[in-house]
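S.K.: What Swiss-Prot shows for this protein is this:
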BINDING   G170, G171, A172, G173, V174, G175, K176, T177  ATP binding site
Amino acid sequence: MRINPPTYGSEISSIEKKNRGHIVQIIGPVLDVAFPPGKMPNIYNALIVKGRDTEQMNVTCEVQQLLGNNRVRAVAMNDTDGLMRGMEVIDTGTPITVPVGGSTLGRIFNVLGEPVDNLGPVDTNTTFTIHRSAPAFIQLDTKLSIFETGIKVVDLLAPYRRGGKIGLFGGAGVGKTVLIMELINNIAKAHGGVSVFGGVGERTREGNDLYMEMKESGVINEKNITESKVALVYGQMNEPPGARMRVGLTALTMAEYFRDVNEQDVLLFIDNIFRFVQAGSEVSALLGRMPSAVGYQPTLSTEMGSLQERITSTKEGSITSIQAVYVPADDLTDPAPATTFAHLDATTVLSRGLAAKGIYPAVDPLDSTSMMLQPRLVGEEHYETAQKVKQTLQRYKELQDIIAILGLDELSEEDRLTVARARKIERFLSQPFFVAEVFTGSPGKYVGLAETIIGFTLILSGELDSLPEQAFYLVGNINEATEKAMNLKT
């Protein structure tokens, strides 16, 4: 476990004896601060601007550059409205520190680790700095293993790697939030793990909706907050670029505590990883750096690497990260998504077409990919079943134009059989979710990987050709499908 430098308290009174400087220039969210000779703060140190006399001002900044002549350039994490030249600035002597541990569950924090949910202060004395080194190679768990989610379409066709990084692609209204909440629920029940959600530069309304839905579905337990399964960290669209650039690190730091100290499996959600890059680009321009390709910051790869390399499995536990990826103008060659792809182990693509058919989760079985789907990692049986499922669905996709023009009757006997099995597979890839029980009335189902493979093997073998396709819709394992078929006949 890594040891961290001492922390600073949130009260200015506790840092009265620290170095003091004063503001000499303000350009938007960027401040230049002069310090006495020989008392310069380090890069990434947190500075606190103290209001004059009775003014209650508490603006936190982070040192980004040492300019010479005893001056530093810092980026503000809060609005800089009301700041003036000459105001006193206190060097805390340490990077931004945030609360960590079980008391963070069920709470909402900002980039500085301050609770913003009006539920009072966080009951913890344990804090970590947000700038931490990635685990040393000797600490890493290099064994590749599957992270079972209990969601059939994910586990069979695009399995997640334990301690891996998954890109989540999908537009509005296709079920991203429900899928995220189901994963949070399943990791808590099946793996005894917890989750941290980092809202990076997205809409405040979306953050509020997610919080309300989590309370409604039981992921956040209002009556007993300590039984909640997730901690939320928000740095929304309206906040300064410094806050949006660092909020991902705040969420990651909270996740690292659960992995390194509590030795748990953790799910870390980042929504949206593109906004992290976008905020870095804004800060880079404000600091006067020469832009690189398409106007992005020259340090793009370094910034992305410093975040992504901390997301990994160690011998203590794992952080498995699911990152929503916005692709600007649908251009996959744009430097921001292209840099992100280099770090991903799997992609989960949500399809509007499947959502329109009522097949949930609307994960596209042909577009979703995973580097884990190899015979030596998942076994021959799993690999063969997944490939046959994809081949059947691909053939069905190719035949759809012919069916639309000529109808099913014009197909050969073999193709008709393929279509019938593909439609059953498509429906069997749907699944009732625990977090959707309150909306659908159907009890949620966690389906183990072994049960999933058996179910699809039976459909592909033709043993279930006599069952109606609606028997496979929104069920858990294959036994439930056969029971549903019996009920449909009676």
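Cβ coordinates come from backbone N, Cα and C, glycine included.
Explain the structural surroundings of these features, please.
M.R.: The Cβ of G175 (ATP binding site) lies under 8 Å from the Cβ of L350, A355, Y360, P361, A362, each of these being in the same chain and 6 or more residues away along the sequence. In the three-state DSSP scheme, G175 (ATP binding site) falls into the coil class.
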S.K.: Near G173 (ATP binding site), how many other Cβ atoms are within 10 Å of its Cβ?
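M.R.: Looking across every protein chain shown, the total is 11.
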S.K.: Sequence gap of 6 or more, Cβ distance under 8 Å: name the residues on the same chain that satisfy this around T177 (ATP binding site), in order along the sequence.
M.R.: D209, L210, E213
S.K.: What is the Cβ neighbour count of G171 (ATP binding site) at a 10 Å cut-off, with all protein chains included?
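M.R.: For G171 (ATP binding site), the 10 Å Cβ neighbour count is 11.
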